[in-house]
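Below is one structure; the comments refer to it alone.
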Amino acid sequence: MKKILLLGSGELGKEFVISAKRLGCHVVACDSYTGAPAMQVADESEVFSMLDAAKLREAVERHQPDLIVPEIEAIRTEVLVEMEKEGRNVVPSARAVNMTMNRDRIRDLAVDLGVRTARFAYAESAEQLMGEAKAIGFPVVIKPVMSSSGKGQSVAQTADDIQNSWEYACAGMRGDRQRVIVEEFIKFDYEITLLTVKQKNGPTLFCDPIGHVQERGDYQYSWQPQPMIDKFRQDAETMAKAVTDDLGGVGIFGVEFFVTKDEVIFSELSPRPHDTGMVTLVSQNLSEFDLHARAILGLPIPNITVTEGASAVVLAAKDGVSPTYTGVEAAMAEPDVDVRIFGKPTTRPYRRMAVVLAKGENAVERARAAAAKIKVVTKGI
Ligand SMILES: Nc1ncnc2c1ncn2[C@@H]1O[C@H](COP(=O)(O)OP(=O)(O)OP(=O)(O)O)[C@@H](O)[C@H]1O
Ligand SMILES: NCC(=O)N[C@@H]1O[C@H](COP(=O)([O-])[O-])[C@@H](O)[C@H]1O
Ligand SMILES: [Mg+2]
């Protein structure tokens with residue numbers, strides 16, 4: 001039986017724990033707050049800040065896990081790099097986790113590998129941001145180099161927006177580096193996540209592309225498969241293979257691309273299951289969580305099959321505690337619709353609290369319609 005230390009215990013971790021437990025693993029779920037989703041299904045849990053190097057090291061040394069599995073980006077990844085050198089097994093690799101935590105590192109790597117990206121620059125002050133944005137040309141997208149799920153992200157339409165964008169990015173960034181990436185705004189036809197599985201004993205596998213729609217930099221609904229012309233799909237796979245091979249290790253990666261009418265543009269990637277990939281809970285024979293578990297345990301993945309499916313998020317509206325949910329019965333009364341409530345103990349505006357899954361024809365419309373019936377109710381704080 002393998003012991004897994006899961007660093008981050010949100011909704012993605014919860015599904016991963018279920019997959020790992022089905023394969024007989026013992027899981028210790030960690031996060032910075034009690035009652036996190038993955039803790040509810042794990043064998044043990046630990047509450048501490050994973051940005052605290054000493055606490056992170058102490059937890060690893062006390063539990064002696066066979067595998068360290070990061071589930072979020074906000075981890076003191078230097079500790080994981082050191083621990084890998086000391087012989088510990090970090091999933092997919094300490095380098096992958098360390099590089100993807102910082103947008104600038106992964107972007108520089110993509111450029112080194114000759115992967116097509118949006119035009120971009122970095123800035124460390126509002127003045128510098130203004131200069132770079134003007135050089136790229138408005139509108140531009142601005143994101144802290146350390147953030148996820150759209151935190152601190154904004155679009156500056158004109159020079160008048162730059163000061164606000166800078167302040168918003170500084171307020172939304174984590175870590176101590178006041179640095180942003182400013183990117184050309186890509187007018188894509190659609191965007192995809194290409195789930196890419198690196199195996200210990202076998203070739204890199206690609207799931208069918210997942211299409212998704214984002215608001216405020218955060219995903220709202222996703223579907224699989226997203227049809228793509230062969231050339232574009234091939235281009236995406238080639239880029240995903242180049243980047244994931246360089247990062248190394250085994251496990252699933254969520255590689256994000258923008259697709260315009262002319263080309264496929266690499267955006268970023270997660271070295272772990274991806275939020276838009278929750279659709280695979282209904283659309284694939286093996287979900288992204290099952291695939292991650294199999295890959296990191298060195299188990300075979302003989303085939304991945306897909307049927308039409310979609311996911312749609314349920315968000316909280318305001319700050320609150322002990323949420324309850326209305327409309328779940330109505331949502332579940334729809335055929336081939338399922339609801340996953342994450343069990344987060346508190347709410348905040350736009351916090352993702354549940355996801356609705358639908359399979360079959362018109363899955364997107366049906367998932368969204370069912371999700372719209374569910375409301376998060378709290379007393380407020
Ligand atoms: N250069 C761009 N042009 C157009 N849209 C963009 C650009 N960069 C980001 N976006 C939009 O914002 C979304 C979120 O951006 P990105 O994935 O870089 O942020 P994130 O905070 O890392 O999100 P997550 O952690 O959820 O993956 C993208 O999926 C896309 O819809
Ligand atoms: N785009 C990354 C992503 O979706 N991560 C997922 O959200 C959780 C944090 O949610 P919270 O902010 O509501 O605690 C993370 O733990 C992970 O499961
Ligand atoms: Mg993203």
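Any Cβ shown, glycine's included, is placed from N, Cα and C.
According to TrEMBL:
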{"type": "BINDING", "residues": "Glu11, Leu12, Glu71, Asp275, Lys344, Arg351, Arg352", "note": "N(1)-(5-phospho-beta-D-ribosyl)glycinamide binding site"}
{"type": "BINDING", "residues": "Arg103, Lys143, Ser148, Ser149, Gly150, Lys151, Gly152, Gln153, Glu183, Glu184, Phe185, Ile186, Glu191", "note": "ATP binding site"}
{"type": "DOMAIN", "residues": "107-297", "note": "domain 'ATP-grasp'"}
{"type": "BINDING", "residues": "Glu256, Glu268", "note": "Mg(2+) binding site"}
>> Given the binding-site residues Gly152, Phe185, Glu191, Glu256, Glu268, find the one whose Cα is closest in space to the Cα of Arg351 (N(1)-(5-phospho-beta-D-ribosyl)glycinamide binding site).
In response: Gly152
>> Are there binding-site residues among Leu12, Glu71, Glu256 that sit within 10 Å of Glu191 (ATP binding site), Cα to Cα? If so, list them; otherwise say none.
In response: Glu256
> Which residues does Phe185 (ATP binding site) neighbour through Cβ under 8 Å, counting only same-chain ones at least six apart?
Replying inline: Phe138, Pro139, Val140, Val141, Val155
> Reduced to three states, what secondary structure does DSSP give Arg103 (ATP binding site)?
Replying inline: helix
> Taking the domain 'ATP-grasp' (107-297) alone, what is its mean pLDDT?
Replying inline: 97
> Considering only the binding-site residues Glu71, Arg103, Gly150, Asp275, which residue has the minimal Cα-Cα separation from Glu268 (Mg(2+) binding site)?
Replying inline: Arg103
> Which of these binding-site residues (Phe185, Glu191, Glu256, Glu268) have a C-beta closer than 6 Å to some atom of ligand 3?
Replying inline: Glu256, Glu268
> Of Arg103, Gly150, Glu183, Phe185, listed as binding-site residues, which ones have a Cβ less than 6 Å away from ligand 2?
Replying inline: none
>> Nearest of the binding-site residues to Gly152 (ATP binding site) by CA-CA distance, picking from Glu71, Glu256, Arg352?
In response: Arg352
> Which entry in the list of binding-site residues, Arg103, Arg352, has its Cβ near the fewest other Cβ atoms, using 10 Å as the limit?
Replying inline: Arg352
> Within the set Leu12, Ser148, Glu183, Glu268, Arg351, which binding-site residues show a CB-to-ligand 1 distance under 6 A?
Replying inline: Ser148, Glu183, Glu268
